[in-house]
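K.L.:
Quick one: the structure is below, questions incoming.
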Amino acid sequence: MKLLTNRVWVFCQGPRAVPWLLLGAAVWLCGLAWIRDLHLPDEGRYVGVAWDMARADSFWVPLMNGMPYFHKPPLFYWLDQLSFMVFGRNEWAARMPSVLAAWSCATAAYFFVRKYRGVPIATLTFIALVTMPYFYGAAQYANLDMLVASMISLTVLAGAEAVLRQEVGVSYKSMMFAAAVTAALGMLAKGLIGVALPGAVLLCWVLLTGRWRSLAVLLWPPAIVVFFICAVPWFWFMQQKYPGFFDYYFIHQQVERFVGESFNNPQPVWFYIPVIFGMTLPWSVGLIGIMNRTFWRSSGATLAALMVIWFAVIMVFFSIPASKLIGYTLPALVPLAVLVAEGLWALRRARGSAFMIPLIRGFVVGSAIACVIGLMAFRVTQKDSANHTGAAIAAQWKPDDTLVYLRAFSFDLPFYIGNRNPAWVIENWPTIPKRDNWRNELADAANFDPALGKIVLITEAAFVPRLCETNDKVFWVRSDAWGPAAYPFLREIEPFFTQSNGGRVWKIRTDTAFKQKVCPKPG
């Protein structure tokens, strides 16, 4: 094992190793992306929006249950739709945007570190990053977090490269154009943080390290123009098509979510410290190597300063709001991986290769095992997926059938059915409280399309009369266990499918027999 590890390490330093390293990372990141059902709520929500857009041929306007959904910008949905076109409608395709974003981020970090710190530290950075359980898990998760983290990281790397090129008299224009494009993509991935965070990192870096003149590089007018050309059109078009979009998206969804305390997942200010260091074990142990004056007096301190500032800006920014989710601090993983690599290499200089090689081998094996075990645990413990329900319904689904939710909204069910029509959602809509949940997401969406909202968002009292207005039409009614108590006619119908979490589906046909039993008699 020792001899094999040494040979692999030596090979990784050679010029022929790069394509194999990148290919190996791609296989590692995407190889098991198919193994889990969509996780609820986030994977079901965002993949469901992408599927809704695809089935309605609405490439530009994000849709939830057929109505405009403006909680997030469209980049993830665009990429997911393209993935469905290439790979079909399945979980592996749904996760490809996250996988691609993770791979791109790690690859860019590798080449950046390789240029300024050499092949060994770049290789360590790359291997550490792609095997960190935190990073790997996000690459396997179909939501916006890895995508925006990648765009933020690419923007910082491109901007830093532009500054460093300018300092040695090399043209920086191509790098600033690249930074402008990735910042625009970051804004299209998750809004203002896509440009604000990399901007804050680069600004703090040039100011704190005495690079005042580099502000002219970062504020180069042609790059700013490119940013606006790439970022602004979609937002402007949405405002023209849906008046009130700017206020809803930028004020409510961006500013109020950041400063408010009424949204989900309130956590203490120190929440991300155990999260980021715990979920990057065992690699985070390598930071011990940079905790001494010798390292900070070495040549590695210049790049490490950028990484420390980058890491600190991300951690501080996301620790401010009360609402905290695990995926928010993903943009801090690239600088953390670089600092880990620097620490391990410093330990190698102090203790020798005989110490470092087995340590790295243990870290790689331990991290890989943790990643796979975590993925399998996620798969085994998942009880609320609509995969089996959707497959059973899809086998009998007809194009004019209608899906109905009773006080529930299973984000992933239309995806697994392949349903191409908006569902009816039954709830006491006039009195729903203002909370950060699916009810308010649908109610907000209906504000941008009131006509469709009246059709698909139905009050509990109006449900049976609406059924009775149809003739010989099939409805697939999804409810939790309380459904038969609220609608007694369901007690007389055998559930078509019962989920492991207690959810049930009834197949109802509004034929003459149904109407005689359920519908009010005329007069």
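Glycine is no exception: its Cβ is also placed from the backbone N, Cα and C atoms.
Straight out of TrEMBL:
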{"type": "DOMAIN", "residues": "71-236", "note": "domain 'Glycosyltransferase RgtA/B/C/D-like'"}
{"type": "TRANSMEM", "residues": "17-35", "note": "transmembrane segment"}
{"type": "TRANSMEM", "residues": "92-113", "note": "transmembrane segment"}
{"type": "TRANSMEM", "residues": "119-137", "note": "transmembrane segment"}
{"type": "TRANSMEM", "residues": "176-208", "note": "transmembrane segment"}
{"type": "TRANSMEM", "residues": "215-237", "note": "transmembrane segment"}
{"type": "TRANSMEM", "residues": "269-290", "note": "transmembrane segment"}
{"type": "TRANSMEM", "residues": "302-320", "note": "transmembrane segment"}
{"type": "TRANSMEM", "residues": "326-347", "note": "transmembrane segment"}
{"type": "TRANSMEM", "residues": "359-378", "note": "transmembrane segment"}
K.L.:
Within the same chain, where does the transmembrane segment (359-378) have neighbours whose Cβ lies under 8 angstroms from its own Cβ atoms, ignoring anything closer than 6 residues to its ends? I mean 6 or more beyond.
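P.N.:
For the transmembrane segment (359-378), the nonlocal Cβ contacts are 1, 5, 9, 32, 35-36, 39, 124, 127-128, 131-133, 136-137, 140, 281-283, 285-286, 344, 347.
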K.L.:
Residues sitting near the transmembrane segment (302-320): Cβ under 8 Å, six or more positions beyond its termini, same chain?
P.N.:
113, 116-117, 156, 160, 193, 197, 200-201, 204-205, 208-209, 258, 269-273, 276, 290, 295-296, 328-329, 331-332, 334-336, 338-339, 342
K.L.:
Test of understanding: applying the rule of at least three C-beta pairs under 8 Å (pairs 6 or more apart in sequence), is the transmembrane segment (269-290) touching the transmembrane segment (215-237)?
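P.N.:
Per Cβ check, the transmembrane segment (215-237) does not touch the transmembrane segment (269-290).
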K.L.:
May I ask which of the stretches 92-113, 269-290, 326-347 has the most CB pairs under 8 A with the transmembrane segment (17-35)?
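P.N.:
Top-ranked stretch among 92-113, 269-290, 326-347: 92-113.
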K.L.:
Who are the long-range neighbours of the transmembrane segment (326-347) in its own chain, taking Cβ under 8 Å and residues 6 or more past its ends?
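P.N.:
Answer is 105, 109, 113, 117, 120-122, 124-126, 128-129, 132, 134-135, 138, 141, 143, 145-146, 148-149, 152-153, 156-157, 197, 272, 275-276, 279-280, 283-284, 286-292, 294-295, 298, 300, 303-304, 306-308, 310-311, 314-315, 318, 355-356, 359-360.
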K.L.:
Could you tell me what the rest of the chain brings near the transmembrane segment (269-290), counting residues at least six beyond its ends with Cβ under 8 Å?
P.N.:
128, 131-135, 137, 296, 304, 315, 318-320, 324, 326, 328-329, 332-333, 336-337, 339-347, 350, 362-363, 366-367, 370
K.L.:
Under 8 Å between C-beta atoms and at least six residues away from its ends: which parts of the chain pack against the transmembrane segment (92-113)?
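P.N.:
Long-range Cβ neighbours of the transmembrane segment (92-113): 21-22, 25-26, 29-30, 33-34, 38, 43, 47, 50, 76, 79-80, 83-84, 86, 121-123, 125-126, 129-130, 135-136, 138-143, 146-147, 149-151, 153-154, 157, 160-161, 303, 334, 337-338, 341, 415.
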K.L.:
Can you tell me the mean pLDDT for the domain 'Glycosyltransferase RgtA/B/C/D-like' (71-236)?
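P.N.:
That stretch averages a pLDDT of 94.
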